[in-house]
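In TrEMBL this protein carries:
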type: TRANSMEM; residues: 96-120; note: transmembrane segment
type: TRANSMEM; residues: 140-166; note: transmembrane segment
type: TRANSMEM; residues: 253-277; note: transmembrane segment
type: TRANSMEM; residues: 289-307; note: transmembrane segment
type: TRANSMEM; residues: 337-357; note: transmembrane segment
type: TRANSMEM; residues: 377-398; note: transmembrane segment
type: TRANSMEM; residues: 456-475; note: transmembrane segment
type: TRANSMEM; residues: 481-501; note: transmembrane segment
type: DOMAIN; residues: 710-757; note: domain 'CBS'
């Protein structure tokens, strides 16, 4: 079966750009059951019902994968024989120390961000309220909008300086990395620094963005930096962290960092763990659960400790960021469960609507604005001005109301500061309904919507607030500023939830509209990001609303089902727009009848076990492949019998250090000057450039034995495999390359991530 491939090795060298898998489309002529899966212009789609177009595949062509599999070579096996229980415990203990340090650092960053945001917002409203108190509307507006404009300008300018990776939430990039995609510079120092500064300014500017998404990216970047602790620029590679400098351990620490960032932002350690499991991580283990929970607790404790005055008080108060009143008498009636399900229906519809409009808007930005910094800055400034105009002047639409109209429920234990409303330009003793929701920070607006009071808001202001929040959340998401979506979506959900609750209270008695605001927030969050367990736990940890688990669970489940009927979550669609080849848990339905031989790369460049340096140099110069199967040519020197696989970077290291073979036959020698520690240290660095290596004639005629350094336990599949089973194996094992062999164990193909789309 492999006779058609038994040509001289030099004749099989093909550039990756000419590989048939990049051109061949097995779905092209399948016109029966799969006819509905032809490439379409639809920007959004349902899960597992989308196939990438040739243009989308072309954009992903140069995206590389991470290598999560263990390089089980002879050096690794020799080192394992010398590894004692003490060394194993040392490495495990080191992971816990890194987790402890990670939790403290992320907690401190969250504290600094919150304090600086509080300071900037305090200054903004201090100067604005100075003119409000004097009744000077124009001066107050100019001050309010001018400060917002300045903050947005500086926030967008920071993104322009450090790069687009500092904008938006960063969750699609983190998800892609944890799925096995190499997103270059996504977790570097520049995006980390730029995201912190941009987030502080954008969140203080009044834009409809939140801090939690960027905090997830920040936590992931901090985790990558602490666990690797190296600098290729400075040539700094301390040996104490060398055992963690591999894609597998780095992936685990990034998963921990993502959870820690959310836990620090929301004060929700359990929610952070579940978020990492349910949303961003593609690989998980029981050991990782323990370390993630430990780190999240440390981060939440650190932030809480610092926010309470660095231990100035002997008491710890963990009341959540958005305290929800505790009812001593009334919860809800069974008949209201149908209403909560209806809230889930609304949340799912609005969530799908948000995804549809926002993804189309981001597609327009990508095509029209592109990476032009001036256009991106101009758009951000325009959105800031319009947001300031609407939030300021919308507060004049409705008449002022008396503060005495607010009825505080006597049976509810609640922080009464939640009932403090914004006077705006109203007379003393009165307040502005929309001003209390739009003319202030988002945390205060949520507290007022969750307030366990009656007659605080009327229906028209709640409707207007919901529409304003939804439309500006759609517009603000995707600007070149750092910002997330959790808090804006919670505001939208709380708005329509309280609106719905007060509407049905006109016909039924004992309806608590604040419960509907809480459930509506959960429904809206599930509607746009399609998480379930994580959303429920985050809402409970945020609000301490443990009495309302059943309504929240019902609304979240219904919202996810409804949203999934129309499209995928916003993060899946954003990854497609960013050309991140994300592998879902299962392949598309249209691939059920495809074989792996239909999509694999057939022109595979292979290497002999003992290879001449001249041949290695020629092969590396002639293609861009990142891995090469190592073969044995058999008794007649014409076969391609699979023996293992070796990465391009490892070959470059062997060439750079002239690790030449000194044997004369089939024996294998382990070079004492290039042992396991030396090999792992050098391969964890940036690979040397082949163009910088100068070989003399003697060196070109020398040989390199690849057997001690190749992965001899790499996964392979038979060419009769179905596409679906090969996809599952590749996805679940976290592979980068998957050689395909025939019945004679000869290499006949290669599968990489791009072949699976």
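Every residue gets a Cβ built from N, Cα and C, even glycine.
Mean model confidence for the domain 'CBS' (710-757) is a pLDDT of 90. Among the stretches 96-120, 140-166, 337-357, 377-398, the one making the largest number of Cβ pairs under 8 Å with the transmembrane segment (289-307) is 96-120.
Panel annotation: around the transmembrane segment (456-475), residues 207-208, 350, 354, 357-358, 361, 383, 387, 390-391, 394, 397-398, 401, 406, 419, 421, 433-434, 437-438, 448-449, 485, 488-489, 491-492, 495-496, 498-499, 502-503 of the same chain, lying at least six beyond its termini, place a Cβ under 8 Å from a Cβ of the stretch.
Sequence-distant contacts of the transmembrane segment (481-501), counting only residues of its own chain at least 6 positions beyond either end whose CB sits under 8 Å from a CB of the stretch, comprise 152, 155-156, 159, 166-171, 194-195, 198-199, 201-203, 205, 207-216, 266, 339, 342-343, 346-347, 350-351, 354, 380, 437, 442-443, 445-446, 449-450, 457, 459, 462-463, 465-466, 469-470, 472-473, 511-525, 527-529, 570. Secondary structure of the domain 'CBS' (710-757) per DSSP (helix as H, G, I; strand as E, B; remaining residues coil): 15 helix, 14 strand, 19 coil.
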